[in-house]
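According to TrEMBL, the transmembrane segment annotation covers C:20-53, C:73-92, C:104-125, C:155-179, C:186-204, C:224-246.
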Amino acid sequence: MFDGRDPIYVQIADQIRQDVLRGDLQPEEQVMSTTQYATTFRINPATAAKAFAQLVDDGILYKRRGVGMFVAPGAPDRLRAEGRETFFAESVDPVADHARALGIPLEDVIARLRAHAARTAGAEQDGAAS
Amino acid sequence: MSAPLGVEARGLGVRYGRKVALGGVDVAIPAGSITGLLGRNGSGKTTLASVAAAFRRPTSGAVLVGGEDPWENEDLLPRVLLVRESGDVLDVETLRTNLRFVEDCRPAFSREVAERLMDRFELDPDAKPQKLSRGQKSAFGIVLGIASRADLTILDEVHLGLDAPSRYAFYDALLEDYVEHPRTIVLSSHLIGEIERLVEHVVVLDHGRVLLAQDADALRVTGVSVTGPAREVERFVVGRTVLGRQQLGGTAQATVLAALADGEAAAARAAGLDLGPVPLQDLFVHLTADGAADAARELGRAR
Amino acid sequence: MSATTRPLFPARPVTRQGPVLRTAVSVLAWFGQVALWYWGIVLVVVVALPLLVDAFGEVGTSTIWFARQSGVWFPFSVLIGVATTYPPVHVASGMTRRSYVRGTLLAVVAIAAAFALLMAGGLMAERAWYGAMGWDWSPQDQGWFDPDVTFGSLLVAYLATFVVAYVSGLLVGTVYAAAGGWWGTLTLPLTAGPSLLMTVLVGNSNDWVPFSELFGSTGEGTPLALVLTVAAVLTLTMAAAFWLLATRRSIAPRRG
C-alpha cells in the first residue's frame, strides 16, 4: 500500500476517493480520523492530515466540529464527474493513440471493450448469485 | 511549559582530537515533527544528537533547542531525551527501580504507557539491565523513550537486536503516543524502508555535513525509476542526473533525479517506459555512496 | 496479554524533589545497600576477634581503630564506581552536571558523617566493653589518640578523614572516566594522595611524621587543629577540581 510514485498524501487521498466511488464509503458516513488512519497504516499523522485536508478542500469530505469527518453528500457525483474527465484524458486517449500506432481499427477496440464489459457483468451476476 | 521543542544547529562543529565529526552544520529540525536522521556509520548522527541533548559541548557553533542552549540548562533538559543504542541506565538496579528513577526525573512521564510497553515487550520488571539480551536492552530503551514523553525525544538506533514484530510494535507504540501527546521525535535508523512513512521530515548527514534536509514526501518524489527498452531509457535520461543504472538484455532500468511534469510522465509512458517510485532507502544509498555529493547538490537545486 | 500479574509499581506519589536532593538521595540509597553489608561484616569481626584473641592470649588493642582503614578505602572505592558509571545516567535523565556534583558532594558528606558517627560511637562502645571484660584498650598505632580521648575529638578526626577520602574517591573516578586510564593513573598522587595523607596525619606516630613539633605542640601526635585545617584545604581543593572536571565532562558513546 502507498508505494506509488506520487507523494504519500496524494496516494492516501486517491485511496479514499476510490472508496467513495466504489461505494465502500457512503455519503454522510463517518471516515476514520487522521490519527486512526495514521496509526492503522503506520503513516506520519501530518501526512495523513494533509491528505484529509485536501479532500475537505475538494469537497469530498466535510468536518463536523468535535465529531469527526464525513463523506460529503454530493461526493460520489462530484468524483464521477471529475473521473469522467480524467478517464477520457488519461485512459481513453492513450488507448486510441496506441491503437493507431499499432494499426488496430477503432472498431476492434470497441468490440473488445464490449466483450470485456459483458464478461465482467456476467462474473458479477455469478458472484451475486452464489 | 510543555510544547514540542525544535532543534536548530548553527555552524555546528565537533572535533574529537584531530577527527572532525561535524564540520559546520546548519540544519533545523521542525518542532512537533517526526524527523528521520539518516546517515552512514560515522556520518555524525550520534554527535549531532549528543550536542542537542547536552551530552557534549560543540567545538564551534551552537545548537539551540526550543531557542535555547541546552548545555547545563536545568529548565530545558528534563524535556529533552536522548535514548542511545547502548542505553544509559543503572546497570545493577532492576528495571522497576530504573523506571522509578526516570519517573522522578521526567515531568511528563506516563506510568500507564510504561506498564503497557513493559508488557508488550515482555520485559520482567525485576530483571537487571546487565542480564538482558541485546534486543531486550533496546526494548527497555524504547519503553523509557516513549513513556518519558519528552518534548524533544531523540531515539538513536534503538531498534538494534529487535526482531521485525518487535520493531513494528515499537513503531505502532511510538505513533499512538505521538498522536496523543505531540512532541518532536528524531528517529535515527538504518532501516530506512521501515521508517520512511513514519517520518515527515528527513535530515541526511554524510561525513559530518548535511547532505539534505527536507520534507520526506518531497524527497521521495524527486527520484524516479525508469524501466523499458534500453534505447528509450537512454533517450529519457539525457540531461538528467542518473543515480544508478542496470541493464538486462535490451531492457534497462535507471534511477534518475527528476520531478516530472504531467506531460513528461505521459510522454514517457507512451514511449513504452515504466515509471516507478524510488524507495527512500535506495535514494539514500545512492546519495551517500562516495562521490554522490554532486547528486545531492543537484537534488537541492531540483527543488 | 499481561506478562506480569503484579503491578509495575506499588502505588506511590511521584516525588518531585529538586535534582540535587534527588541525586543525593539516590546515591545514599545505593550506597546504603552496600554499606549494610560492610557494617554487618565489621560488627561480626569487631565482636568475634577479641573473643577469639581472649581464648588464646591477651586482648590489648582496638579492632575498630584498625577498621578505620576499611572505613576510608571501602567507600572510597565504591565512590570511584559511582563517579565513573553514574554521570551518563544522570545526564541521560535530563539533569545538569551541576546538580550531579552538588548532589554527590552532599551525599558524600552525609556518608562521611554517618561513618564517623558509627566509627566514633563504636570505638566508645568497644572501650566500654573492653573495660567491662577487664581487657586493656588502646588504639593499635599510638597516634594522638590516647585511651582517654573524648567522643567529640574522635568524631571530628574521623569526619575530617572520611570527607577527604570520599571526595578523593569521586575525583579519582572522574579523572579516570573523563581523561582515560593513563591520566587517571598518572594523577593518582594528586587525586588519591590526599586521602592517604589524612590517614597518615590522623594515625601518625611521633617518629613517623614530625608535624607536631613543626607546629610547636608538645603533645604526642598531630594537633586536631592542624588535622582540621589540612582536611578543609584538601576537601575544598579536591571539590573544586571535581566541580571543574565533572561539569565539563562529555558523555562518550559506550560499548556494549
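Cβ coordinates come from backbone N, Cα and C, glycine included.
For the transmembrane segment (C:224-246), the neighbouring stretch richest in Cβ pairs under 8 Å, chosen from C:20-53, C:73-92, C:104-125, C:186-204, is C:186-204. With respect to Cβ pairs under 8 Å, the transmembrane segment (C:104-125) is most closely packed against C:155-179, considering the stretches C:73-92, C:155-179, C:186-204. Here the transmembrane segment (C:20-53) has long-range neighbours at 59, 63-64, 67, 70, 74-75, 78, 82, 86, 90, 95, 99-100, 102-104, 106-108, 110-111, 114, 118, 122, 126, 130, 133, 135, meaning same-chain residues at least 6 beyond its ends whose C-beta is under 8 angstroms from one of its own. Tertiary neighbourhood of the transmembrane segment (C:155-179): same-chain residues 68, 71-73, 75-84, 87, 104-105, 108-109, 111-113, 115-117, 119-120, 145, 187-188, 191-192, 194-195, 198-199, 202, 224, 227-228, 231-232, 234-235, 238-239, 241-242, 245-246, 248-250, selected by CB-CB distance under 8 Å and a gap of 6+ residues from either end.
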